[in-house]
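Undergrad: According to Swiss-Prot, the record shows the following:
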- 1-23: signal peptide (SIGNAL)
- 25-84: domain 'AFP-like' (DOMAIN)
- Q30: site 'Important for ice-binding' (SITE)
- N35: site 'Important for ice-binding' (SITE)
- T39: site 'Important for ice-binding' (SITE)
- Q65: site 'Important for ice-binding' (SITE)
Amino acid sequence: MKSAILTGLLFVLLCVDHLSSASQSVVATQLIPINTALTPIMMKGQVVNPAGIPFAEMSQIVGKQVNRPVAKDETLMPNMVKTYRAAK
């Protein structure tokens with residue numbers, strides 16, 4: 001009985017973790033000056049509201065420049081990254 005409860009609890013925790021990571025947005029880990037090319041170290045995934053660029057698309061914006069300064073812990077929005085197009 002205990003193993004069935006633990007298995008069910010593990011399943012619920014995995015589902016919640018999957019849902020939360022799916023709704024993460026890209027957030028700046030540091031101040032990013034205007035016209036700076038983005039690197040992975042400059043960004044992290046975080047659940048925020050309003051949502052910005054999905055964390056799952058972070059690899060698409062690495063190497064692209066920001067068109068304005070981005071503050072530390074600010075959510076990267078699509079209009080902040082030059083030539084960014086959302087995945088379909």
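Yeah, the Cβs are placed from backbone N, Cα and C, and that goes for glycine too.
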Undergrad: Specify the count of other C-beta atoms within 10 Å of the C-beta of N35 (site 'Important for ice-binding').
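TA: Total other Cβ atoms inside 10 Å, all chains included: 11.
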Undergrad: Counting distance between Cα atoms, which of the recorded sites Q30, N35, T39 is nearest Q65 (site 'Important for ice-binding')?
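TA: Its closest listed neighbour, by Cα, is N35.
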Undergrad: Taking every residue in the domain 'AFP-like' (25-84), what is their average pLDDT?
TA: 97
Undergrad: What are the non-local neighbours of Q30 (site 'Important for ice-binding'), defined as same-chain residues 6+ apart in sequence with CB under 8 A from its CB?
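TA: Once residues fewer than 6 apart are set aside, Q30 (site 'Important for ice-binding') is near M42, K72.
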Undergrad: Within 10 Å of its Cβ, which one of these recorded sites (T39, Q65) has the largest number of other Cβ atoms?
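TA: By the 10 Å Cβ neighbour count, Q65 comes out on top.
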